[in-house]
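This is the structure I have questions about; it appears just below.
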Amino acid sequence: MADMNTKRDVEQGEDSTQEEIRQPLMQGQKNLPDAGGSGSEDQTDKSSKDLWMVYLSTFVAVCGSFEFGSCAGYSSPTQTAIREDLDLSLGEYSVFGSILTFGAMIGAITSGPIADFIGRKGAMRVSSAFCAAGWLAIYFAEGALVLDIGRLATGYGMGVFSYVVPVFIAEIAPKNLRGALTTINQLMICTGVSVAFIIGTVLTWRVLALTGLVPCAVVLFGLFLIPESPRWLAKTGREKEFEAALQRLRGKDADISLEAAEIQDYIETLQQLPKAKILDLFQRRYLPSVIIGVGLMFFQQFGGINGICFYVSNIFESAGFSSSVGTITYAILQVIVTAMGAALIDRAGRKPLLLVSASGLVLSCALAGLSFYFKSHELALKAVPALAVTGILLYIGSFSVGMGAVPWVIMSEIFPINIKGVAGSLATLMNWFGAWAISYTFNYLMSWSSYGTFIIYGVINALAIVFVIKVVPETKGRTLEQIQASINA
């Protein structure tokens with residue numbers, strides 16, 4: 001907890017820039033959101049070529065997401081080779097595998113303050129530098145210690161990327177594209193994992209570590225070509241840079257005056273508010289958005305995704321199915337379905353995707369649980385493999401269409417900008433804590449009761465449906481400022 005408190009103080013260079021703040025005209029502001037996001041953005045709809053800078057900026061940012069996937073996917077195909085080359089025990093290799101989530105937790109805690117203090121681009125530079133240093137340490141490692149230090153560094157970089165990439169994309173994208181562009185974050189994470197898994201079957205573990213440097217290089221070079229987040233620039237009082245960045249993102253002929261006025265009015269209202277500390281998140285005005293953000297991350301992880309990923313090859317083997325064919329099918333399905341989700345998120349909306357996704361997870365947990373129940377009670381044994389494989393593939397398909405990507409999209413949209421750093425760190429920390437807790441407890445649960453494990457996950461996913469219906473707002477097609485107004489209404 002001391003960690004959590006000390007980090008808050010780092011973040012607070014940001015709000016003090018504007019000494020004199022005009023008292024905003026609250027009446028006028030209430031009418032602004034409708035005018036705000038749409039005037040300039042209807043114009044940008046007419047010609048997507050004006051938005052090439054938004055697409056380029058998104059591409060650079062999601063190379064960070066691909067890097068995240070490369071880090072996460074590294075330990076699976078390399079286990080046997082690293083253990084043989086460096087003579088590691090299973091315990092030592094388990095530390096190497098799991099220390100990644102520990103590094104990511106530290107990254108998550110510090111990501112908000114770093115992104116608030118040195119900007120969204122600055123945070124991505126820090127993240128890339130840690131990942132690059134980590135991969136080099138792994139490449140040159142001759143023993144467990146250097147290997148673990150490298151893995152910890154890549155984990156830290158992952159943790160920062162996991163927060164800053166969706167936030168940066170949400171802050172630069174026009175509202176009509178924001179969901180789809182933010183979902184590309186999850187798509188690129190899946191792609192990074194799948195690529196690491198597939199090329200890891202043909203490359204040595206040291207060469208595979210070097211491939212992790214490629215996305216880092218693209219991010220570090222690409223950041224020189226793209227603007228900083230206009231909302232962050234406005235928040236730190238850099239008027240001219242704010243307008244120039246917004247103009248670059250919307251196209252040189254776009255009329256940005258309405259959107260700029262809306263962002264400015266919103267920021268000025270926020271400047272009246274005190275600097276955010278961790279305890280402030282529990283104030284009445286912030287609590288709804290914190291419950292939504294942290295709650296979605298809780299359900300995303302505690303629905304069992306990391307356990308299923310971790311155990312997938314064993315599940316396919318126990319079902320009498322080739323584990324390599326099964327896992328590659330799983331990896332490819334994950335990418336295809338996530339891409340479908342990205343295409344649908346701004347058409348169907350966030351809530352419908354979450355509800356379809358969580359319902360599919362309940363059904364798939366029931367199928368997988370049933371297969372293990374039949375197996376342990378020696379019932380309908382011929383049906384067991386088909387049930388298990390169907391359950392697991394339905395699980396990853398359902399997860400990828402909604403629960404995988406949408407919580408990150410909503411997290412990037414719902415927090416007021418003055419608590420975005422603190423609240424985003426808390427939500428990301430919950431995510432990584434869940435990832436660690438589920439992957440750590442999964443084998444213990446499975447040895448206790450294999451079908452009982454899936455029943456527990458099924459119940460948690462059923463509770464997620466209730467949570468989404470009762471608590472989560474629809475954010476499709478609204479500006480970030482309109483979303484705030486609706487949550488606090």
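Including glycine, each Cβ sits where the backbone N, Cα and C put it.
Just so you know, TrEMBL annotations never went through curation; they're auto-generated.
TrEMBL lists these features:
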{"type": "COMPBIAS", "residues": "1-11", "note": "compositional bias 'Basic and acidic residues'"}
{"type": "DOMAIN", "residues": "57-476", "note": "domain 'Major facilitator superfamily (MFS) profile'"}
{"type": "REGION", "residues": "1-45", "note": "region 'Disordered'"}
{"type": "TRANSMEM", "residues": "52-75", "note": "transmembrane segment"}
{"type": "TRANSMEM", "residues": "95-115", "note": "transmembrane segment"}
{"type": "TRANSMEM", "residues": "122-141", "note": "transmembrane segment"}
{"type": "TRANSMEM", "residues": "153-173", "note": "transmembrane segment"}
{"type": "TRANSMEM", "residues": "180-199", "note": "transmembrane segment"}
{"type": "TRANSMEM", "residues": "205-226", "note": "transmembrane segment"}
{"type": "TRANSMEM", "residues": "286-313", "note": "transmembrane segment"}
{"type": "TRANSMEM", "residues": "325-345", "note": "transmembrane segment"}
{"type": "TRANSMEM", "residues": "352-374", "note": "transmembrane segment"}
{"type": "TRANSMEM", "residues": "386-410", "note": "transmembrane segment"}
{"type": "TRANSMEM", "residues": "422-442", "note": "transmembrane segment"}
{"type": "TRANSMEM", "residues": "454-472", "note": "transmembrane segment"}
With pairs fewer than 6 apart in sequence excluded, do the transmembrane segment (454-472) and the transmembrane segment (325-345) have three or more C-beta pairs that lie under 8 Å?
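Between the transmembrane segment (454-472) and the transmembrane segment (325-345), which are separate recorded stretches, there is no contact, as judged by 3 or more close Cβ pairs.
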Hey, which bits of the same chain come close to the transmembrane segment (153-173), Cβ under 8 Å, at least six residues off its ends?
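Distant contacts of the transmembrane segment (153-173): 54, 57-58, 61-62, 64-65, 67-68, 71-72, 74, 99-112, 114-115, 120-121, 123-124, 126-131, 133-135, 137-138, 181-182, 184-185, 212, 227, 229-232, 249, 408-409, 411-413, 420, 424-425, 428, 431-432, 480.
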Going along the chain, which residues at least six beyond the ends of the transmembrane segment (180-199) come within the CB cut-off of under 8 Å?
54, 58, 61-63, 65-74, 76-77, 165-166, 169-170, 173, 208, 211, 215, 327-328, 331-332, 334-335, 338-339, 341-343, 345-346, 400, 404-406, 408-409, 412-413
Residues of the same chain, at least six outside the transmembrane segment (352-374), with any C-beta under 8 angstroms of its C-beta?
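For the transmembrane segment (352-374), the far contacts come to 296, 299, 303-304, 315, 319, 341, 344-345, 380-381, 383-385, 387-388, 390-392, 394-395, 397-399, 401-404, 406, 450-455, 457-458, 461-462, 464-465, 468-469, 472.
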Name the range, of those listed as 52-75, 95-115, 454-472, that has the largest tally of Cβ pairs under 8 Å with the transmembrane segment (286-313).
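Stretch with maximum Cβ contacts: 454-472.
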For the transmembrane segment (52-75), I need the partner stretch with the highest count of C-beta pairs below 8 angstroms, choosing only from 95-115, 205-226, 454-472.
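Per the Cβ count, the answer is 205-226.
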Report, as numbers and ranges, every residue of the chain located at least six residues beyond the transmembrane segment (422-442) whose Cβ falls under 8 Å of a Cβ in that stretch; write 'none' if there are none.
7-8, 11, 98, 101-102, 104-105, 108-113, 115, 159, 162-163, 167, 276-278, 280-281, 286, 289-290, 293-294, 296-298, 300-302, 304-307, 310-311, 407, 411-412, 415, 453
Where else in the chain does the transmembrane segment (454-472) make close Cβ contacts, counting only residues six or more beyond its ends and a cut-off under 8 Å?
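Sequence-distant neighbours of the transmembrane segment (454-472): 291-292, 295-296, 299, 302-304, 307, 350-351, 354-355, 358-359, 361-362, 365-366, 368-369, 372, 391, 403, 410, 445.
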